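See structure below.
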Amino acid sequence: MEQVVIVDAIRTPMGRSKGGAFRNVRAEDLSAHLMRSLLARNPALEAAALDDIYWGCVQQTLEQGFNIARNAALLAEVPHSVPAVTVNRLCGSSMQALHDAARMIMTGDAQACLVGGVEHIGHVPMSHGVDFHPGLSRNVAKAAGMMGLTAEMLARMHGISREMQDAFAARSHARAWAATQSAAFKNEIIPTGGHDADGVLKQFNYDEVIRPETTVEALATLRPAFDPVNGTVTAGTSSALSDGAAAMLVMSESRAHELGLKPRARVRSMAVVGCDPSIMGYGPVPASKLALKKAGLSASDIGVFEMNEAFAAQILPCIKDLGLMEQIDEKINLNGGAIALGHPLGCSGARISTTLLNLMERKDVQFGLATMCIGLGQGIATVFERV
């Protein structure tokens with residue numbers, strides 16, 4: 001079976017969804033920009049040699065509809081002979097795109113693929129057109145479709161206090177801002193055109209959504225966002241609303257060596273699981289355990305983790321049950337996470353994987369794990385190994 005390697009991984013800056021940098025930039029353009037950039041950064045691979053493009057996107061309507069993967073590829077002037085498909089596993093879409101491409105390469109059906117994902121929540125809100133079947137309520141609580149309430153449930157079940165959530169959220173912003181100031185994101189962010197507050201066209205090379213002024217004291221003043229009477233989850237301890245895209249060049253190890261391209265990491269194992277929709281945020285726990293089992297590893301073998309921060313109330317129970325509470329500052333989301341950077345749904349799986357690869361290199365660790373929860377009760381995880 002072929003070894004699957006990541007040759008390159010990049011992303012756009014994360015733009016604010018409400019009146020932000022990409023308010024006049026379409027999702028297809030963000031995607032096409034990264035496709036062109038990956039090919040330009042790796043000229044040894046001819047675009048015509050790509051076997052497929054897998055692109056995650058959740059709200060596949062309006063500008064994100066009608067197979068945005070193909071639309072973006074055509075905009076990027078990828079040869080017409082290269083196919084493209086849009087992948088949807090809700091929050092895990094672009095990580096699923098990676099898994100789909102990896103399996104194709106493992107079986108010998110492909111040698112080189114572009115994978116990634118995009119979400120422009122500013123143009124296509126996450127709830128746009130959603131119409132749940134009324135019959136679902138026979139088997140699943142209605143609140144299971146309300147992500148904030150599932151986070152509230154996890155917080156109560158695991159004893160996660162408001163103070164713990166506020167502290168974790170403040171940490172996310174502080175870590176993300178420190179990473180920005182130290183140029184830790186420089187290797188992953190591709191400068192991307194947008195508009196500043198005055199409408200002037202400019203190149204953005206930083207994440208617009210980070211709030212460096214965030215403090216625990218300021219977060220403590222916010223009202224609960226989802227359960228006004230008894231809740232502990234606020235807007236400040238939830239993932240920010242942002243627009244962005246991320247992309248990776250995935251190849252068989254043999255093809256990368258043939259072309260003289262240096263692999264950055266191997267895909268060591270992959271896992272996806274289902275869980276109770278009412279506690280959808282717990283999905284990373286069984287997904288990570290399964291991925292570790294497939295890799296023949298334990299959590300203690302992993303040097304750094306990227307865990308998508310849907311909510312502080314959601315990620316803290318996952319950290320706790322993976323036995324990592326004492327290692328948060330050494331291993332977990334060292335450059336902040338979605339609370340600070342935002343969670344553009346179809347982009348996030350590739351985004352956290354891209355950040356993870358850079359952290360693995362900077363910290364000089366052998367193994368890294370990226371994982372995320374998925375709405376309606378799923379979890380997805382990938383173990384990477386440095387080459």
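Counting starts with 1 at the first residue shown.
In case you wondered, yes, glycine gets a Cβ from its N, Cα and C as well.
Listed in Swiss-Prot:
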ACT_SITE  C91  active site, acyl-thioester intermediate
ACT_SITE  H343  active site, proton acceptor
ACT_SITE  C373  active site, proton acceptor
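H343 (active site, proton acceptor): 27 other CB atoms within 10 A of its CB, across all protein chains.
Taking CA atoms as the reference points, the residue listed as 'active site, acyl-thioester intermediate' and H343 (active site, proton acceptor) are 8 Å apart. Packing around C91 (active site, acyl-thioester intermediate) is summarised by its Cβ count: 31 other Cβ atoms lie within 10 angstroms of its Cβ, all protein chains included. The Cβ of C373 (active site, proton acceptor) has 32 other Cβ atoms within 10 Å, all protein chains considered.
Between the C-alpha atoms of C373 (active site, proton acceptor) and H343 (active site, proton acceptor), the distance comes to 12 Å.
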